[in-house]
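> First the structure, which I've put down as structure tokens, then a few questions once you've had a look.
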Amino acid sequence: MLFSGGQYSPVGRPEEVLLIYKIFLVIICFHAILVTSLKENAGNSSLLSPSAESSLVSLVPYSNGTPDAASEVLSTLNRTEKSKITILKTFNASGVKSQRNICNLSSICSDSVFFRGEIVFQHDDHYNVTQNQDIVNSTFAGVLSLSELKRTELNKTLQTLSETYFIVCATAEAQNTLNCTFTVKLNETMNVCAMMVTFKSVQIRPMEQCCCSPRTPCPSSPEELEKLQCDLQDPIVCLADQPHGPPVSSSSKPVPVVPQATIFSHVASDFSLAEPLDHALMTSSTPSLAQETRLPSPQPTISLTSSPAIDLPVQHVVASSSLPQTDLSHTLSPVQSSIPSPTTAAPSVPEKVVAISTPPGETVVNTSSVPDLEAQVSQMEKALSLGSLEPNLAGEMVNRVSKLLHSPLALLAPLAQRLLKVVDAIGLQLNFSSTTISLTSPSLALAVIRVNASNFNTTTFAAQDPANLQVSLEAQAPKNSIGAITLPSSLMSNLPASEVELASRVQFNFFETPALFQDPSLENLSLISYVISSSVTNMTIKNLTRNVTVALKHINPSQDDLTVKCVFWDLNRNGGRGGWSSDGCSVKEKRMNETICTCSHLTSFGILLDLSRTSLPPSQMMALTFITYIGCGLSSIFLSVTLVTYIAFEKIRRDYPSKILIQLCAALLLLNLVFLLDSWIALYNARGFCISVAVFLHYFLLVSFTWMGLEAFHMYLALVKVFNTYIRKYILKFCIVGWGIPAVVVSIVLTISPDNYGIGSYGKFPNGTPDDFCWINSSVVFYITVVGYFCVIFLLNVSMFIVVLVQLCRIKKKKQLGAQRKTSIQDLRSIAGLTFLLGITWGFAFFAWGPVNLTFMYLFAIFNTLQGFFIFIFYCAAKENVRKQWRRYLCCGKLRLAENSDWSKTATNGLKKQTVNQGVSSSSNSLQSSCNSTNSTTLLVNSDCSVHASGNGNASTERNGVSFSVQNGDVCLHDLTGKQHMFSDKEDSCNGKSRMALRRTSKRGSLHFIEQM
């Protein structure tokens, strides 16, 4: 255009030529500006577009004004290398929108300052930072490159000296350099020159003026910092002769002083203990982070500190050598509290000094050193050693500890355990006259409550409003609480008698900042919540019968898509320095801004009568759990079949033994069903539901014991009190006793205290999760209402069982040897049936002690969970009359019995006729319900004699009569469980000519002798 304009300009008219020339100049300038703008936009677009070769994306690369730091880094790279870099966002701090106000970053971030640093690593540089030899032995797929080594050292240094930091690094392989730009957040007491001493070619600039307002919150993430568009000031210059002194700014304009106001530690505590979501695609940028973290599993105690944790997938990540080389990495990490390694220059700096120029030109110097912190801690320890503390002095100590929590983490780490002991000692030595007392400070809250170990109620400690910390001690946590811990009523139920008097107070602590809980072994994990703890008179309590529930709010509620983990503080980890452990902890519920920590729930049937109430090894607990649930499931199925059979077929339920058996089967079925539901209900940790389930489980257990005892009592009436025994409304009275007495016992326990029931823990599984169960929490209630109750029933049942065995031995002495052999198997089957019917197998619980504990626990679990199955086998499937009813109504074809089949007819070799006066045999030798209840339900008889007693004739015209039929001395042992007793006047064959039957009628007491020739 310039050429064409010059071509057609009129000659001899200088004014017009000059005007056209000016117009051309304006157009040229406009085009130049336009071309420059397009180039910049194209450059930004290329940076914002993802690269196919990049295997790792930097979430927050920062850029500043002119000259841009990222541009300087990128300018050193060639075209191919630039294509490997993927930048999602740029941080433009040069342009400030006119419609927004400019404020100082220090005015909204109290006690914290931000710096921007730039450093270039050369291949032949020798830094005063020694290389960590663990890098060579790390789990990276290949040998670490120069960029990875230098980036690791930079990461470790920033991790030690700063609160939060962000790194952007780019490798220029052509120039053999590594260019890194980082942003750090430091406590105002930290001297930034200590960082400059570590690396010799670093340039650090303060970040002060930003687009913000006084109401703008302090940035806690790279995105928030980017939105503020902070401008960079002139680089800081440290004096050569005073490398650890105050930094001197090269700018003539003063730097505003950081006001001493509210603490910014909420942000520092906002990061969780967590692992990256995808371990396969990410490795650590530091040697210690390259390996997967494995947590030990110490036994948890009540002296615990809990916090949920959350995965941060962008932490400490670089590309593995097996993937395409990534030239850009991003690190977001809180400081890990640990003693500074010799690989950094931090330990050589005994005192951190920061000098900040005030607007008038004055200098304010804040100092913080290890000797100073140790002196303060020692002073408090000395005061605590003198004895009890008055509330005023204790409050001053709490405030002092609160201030110390905001000291540089590198200086605070060696004193962390001592400070935790100081906090516990304050609560232990605190002298107060009321029931409860609470002391609060900006970053620490402490509450102590006097308790009675023998009558401890459920207590919840909750903290509210982190800006103005308040605490409460109630039965339930308030809705607006930011952290709460609930101690169950069974907390001290297992304490030895010598420690009951010592457990006089419970202490709760709430830490607004996790400064004392830095775990160097979890470098890729960080906290997302506050920290809450509890202890009982500074003692350790193990084997809690009910879990402790911890609910903690997330400081940053936007992290909902990340995986959380519940952890507690183990004082014995890391060589006594303490560390986070997830042993036995799991997440019950996770919401947008809250995590509730609890544990998984399974249990063994042996818990119901675990007299020792001690925990089993995890592997054995798992095996017992499988046996328990399989056995309970099978028993429930076969008990249901037994109930349906006896209820559906009227002919087999007319006698008393059958009716008692129906009641026992119903009780056992309900017991098994409630037991199977118990662990599932316990998962929800709902107090009301758990108490209800525990009450029903207790009730049906006692009902089952009672009906077993009534079976034995019925046998006593039939075998011992044979004559002159008449009970009106026999079954009705049995039902009142069988279902009523357990209800009275459970009602008394509930009236005393509903907290006698609840969630209890009875051991651990191999994965570390505790075995929790809704059951009786009080040991006194357990031993009286379960163990004592069962002992009475068990003694009665064993006595009756012995009577049966004695009767069997007496009769067998009269039998011939050949006849004894033929009945041995039947007798054994009868004994086995009585063993399960009377609950003799429950006696295994009395032997589950000492070295044989495990063996009898297995026997207990196997036989008692299968009790319903064995009852079905011996009292349903093995009974001839029951099988005939099945064949008659359930089978078809040849297996089905004819309608006119006399199912109850007894076939004998010597007896061809039946008389109406013949005695009637019943299944359990029981009392007859009426004169018409004549159907036989005999289980086992001698095959050489009568298969079944006749059920076709009337035994007596009186109600509740007892009939006994004797044939040649053959005793049906099962019949001895009820109302039948067989004897003979002489030993003869089954077809003998003379038989005698003894019949008693309850009203007349007369004897009828029927002799058949």
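Every residue, even glycine, has its Cβ placed from backbone N, Cα and C.
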> Check whether Swiss-Prot assigns TYR716 and ARG810 to the same side of the membrane.
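Membrane side for TYR716 and ARG810, as annotated in Swiss-Prot: identical.
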> Can you tell me which of these residues Swiss-Prot lists as N-linked glycosylation site: ASN64, ASN452?
ASN452
> So, in Swiss-Prot, which cysteine from CYS690, CYS735, CYS791, CYS809 is disulfide-paired with CYS774?
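Answer per the record: CYS690.
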> Among ASN78, ASN797, which is annotated N-linked glycosylation site in Swiss-Prot?
ASN78
> According to Swiss-Prot, one residue in ASN44, ASN935 is annotated as N-linked glycosylation site; name it.
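Out of ASN44, ASN935, Swiss-Prot attaches the N-linked glycosylation site annotation to ASN44.
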> Check the candidates ASN104, ASN954 against Swiss-Prot and report the one noted as N-linked glycosylation site.
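Per Swiss-Prot, N-linked glycosylation site applies to ASN104.
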> For CYS597, which disulfide partner does Swiss-Prot record out of CYS566, CYS599?
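Here Swiss-Prot pairs CYS597 in a disulfide with CYS566.
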> Sort ASN593 (N-linked glycosylation site) into helix, strand or coil using the DSSP assignment.
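Reduced to three states, the DSSP call for ASN593 (N-linked glycosylation site) is coil.
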> Specify the nearest of the glycosylation sites ASN187, ASN593, ASN853 to ASN864 (3beta-hydroxyandrost-5-en-17-one binding site), where nearness means the distance between Cα atoms.
ASN853
> How many whole Å apart are the CA atoms of ASN853 (N-linked glycosylation site) and ASN104 (N-linked glycosylation site)?
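It is 71 Å, counting Cα to Cα.
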> Need the DSSP three-state call for ASN853 (N-linked glycosylation site) to compare against my parser.
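The residue in question, ASN853 (N-linked glycosylation site), is helix (DSSP, three-state).
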> What's the number of neighbouring CB atoms sitting within 10 A of the CB on ASN104 (N-linked glycosylation site)?
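Neighbour count, Cβ to Cβ under the 10 Å cut-off: 17.
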> What count of other C-beta atoms do you get within 10 angstroms of the C-beta of ASN187 (N-linked glycosylation site), across all chains shown?
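If we count other Cβ atoms within 10 Å of ASN187 (N-linked glycosylation site), we arrive at 26.
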> Looking at the glycosylation sites ASN104, ASN187, ASN547, whose Cα is closest in space to that of ASN593 (N-linked glycosylation site)?
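Checking each of ASN104, ASN187, ASN547 against ASN593 (N-linked glycosylation site), the shortest Cα distance is to ASN547.
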> Any residues 6+ beyond the ends of the transmembrane segment (624-644) with a Cβ under 8 Å from its own?
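Result: 602-606, 616, 661-662, 665-666, 668-669, 672-673, 675-676, 765, 771, 857-858, 861-862, 864-869, 871-873, 875-876.
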> Residues sitting near the transmembrane segment (854-874): Cβ under 8 Å, six or more positions beyond its termini, same chain?
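Tertiary neighbours of the transmembrane segment (854-874) are 604-606, 609-610, 616, 620, 623-624, 627-628, 630-632, 634-636, 638-639, 641-642, 661, 664-665, 668-669, 672, 829, 832-833, 836-837, 839, 841-842, 844-845, 847-848, 939, 974.
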> Helix, strand or coil for ASN864 (3beta-hydroxyandrost-5-en-17-one binding site)? Use DSSP.
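Note: ASN864 (3beta-hydroxyandrost-5-en-17-one binding site) is helical by DSSP.
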> Would you kindly give the Cα-Cα distance separating ASN187 (N-linked glycosylation site) and ASN547 (N-linked glycosylation site), rounded to the nearest Å?
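The Cα atom of ASN547 (N-linked glycosylation site) is 39 Å away from the Cα atom of ASN187 (N-linked glycosylation site).
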